[in-house]
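Just below is one structure, and these are the notes that go with it.
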Amino acid sequence: MTTTIQQRSGANGWQQFCDWVTSTNNRLYVGWFGVLMIPTLLAATTCFIVAFIAAPPVDIDGIREPVAGSLMYGNNIISGAVVPSSNAIGLHFYPIWEAASLDEWLYNGGPFQLVVFHFLIGIYAYMGREWELSYRLGMRPWICVAYSAPVAAASAVFLVYPFGQGSFSDAMPLGISGTFNYMLVFQAEHNILMHPFHMLGVAGVFGGSLFSAMHGSLVTSSLVRETTETESQNYGYKFGQEEETYNIVAAHGYFGRLIFQYASFNNSRSLHFFLAAWPVVGIWFTALGVSTMAFNLNGFNFNQSILDGQGRVLNTWADVLNRAGLGMEVMHERNAHNFPLDLAAAESTPVALQAPAIG
């Protein structure tokens, strides 16, 4: 007599699903972080596309002056944006079910919160998925560490800055010109160009571009010849080959003579660590700078700091930036009741004309 033992299909199905999720043989690795990443990024992308095309104007300032951001309301690819949620909403969580109607939700900029929250969860999950795949393959975890730099930057402009300023209406709009507007207003209100963390970020981005171009051009110029003049040099490399495809000694000698010896790396591993670390650390500092300025710890103020012998101001670049910032601020605050205090013409009235005696 033959006895057949069959496992319960439910448990077997769940095990198959777990094996599929964590398998490194799939064309695209899913992972448990991917189970969270895929639906959130799909939701954010879908809502962004629909809102960018067809969303009605949003009362961003909370003063019944709606701002149109979608293509169907007269914008183009450059000027269009998903407008941030209304200042009347502030920092309140504003899902669809919190509004009295869909029209109210759209008028108050609900799609912005939907896109941003799903997007942030999605990129956090993507970073976790990078770590998860590295772990499965036995690799070091530095890929997700490098990715943490743009994640920190996105978190700073979409989450930390609105928290510090008290409203999601101060977050960065989701569009090209909206991004530029955010940058101009940020300079006007926080003097970011005079903040040392922003300077470190500029050095990180521009320096990273320079080092990447230098490295790529040096490697391309010192490739080991494997092809004829009539063939593409790319045919001289076979994926997985053990031989070096370029002569690092030649590249080191060239760059050492071009500048000086110790400006050139003689270790490929330390070189590539430097290429990764430089822009990552710079963008970390930028994100940290935006996060501190969110709570109004602003850039340095050197306005009218240099005087001549008669006490007259000698304008410096700091004064030029200050005048530009005042102009940008008055254009941004276009209503009388929001007129910037530092542009008020009248002298401020002291609360007490005489300090009370203590003791």
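Glycine is treated like the rest: Cβ placed from N, Cα and C.
The quinone site recorded in Swiss-Prot includes Ser264, Phe265, and the single candidate from His198, His215 that the record places there is His215.
Record note: among 86-101, 118-133, 118-133 is the stretch given as transmembrane segment by Swiss-Prot. Within the set of recorded positions (His190, His272), the lowest number of other Cβ atoms found within 10 Å of a Cβ is recorded at His272. The list of residues near the transmembrane segment (274-288) in space but at least 6 beyond its ends in sequence, with Cβ under 8 angstroms from a Cβ of it, reads 142, 145-146, 148-150, 152-153, 155-156, 197-198, 200-205, 207-208, 211-212, 215, 265. Spacing of His272 (Fe cation binding site) relative to His190 (site 'Stabilizes free radical intermediate') is 35 Å (Cα to Cα, whole number).
Within the same chain, the residues at least 6 positions away from Tyr161 (site 'Tyrosine radical intermediate') whose Cβ sits under 8 Å from its Cβ are Asp170, Ala171, Met172, Val290, Ser291, Met293, Ala294, listed in sequence order.
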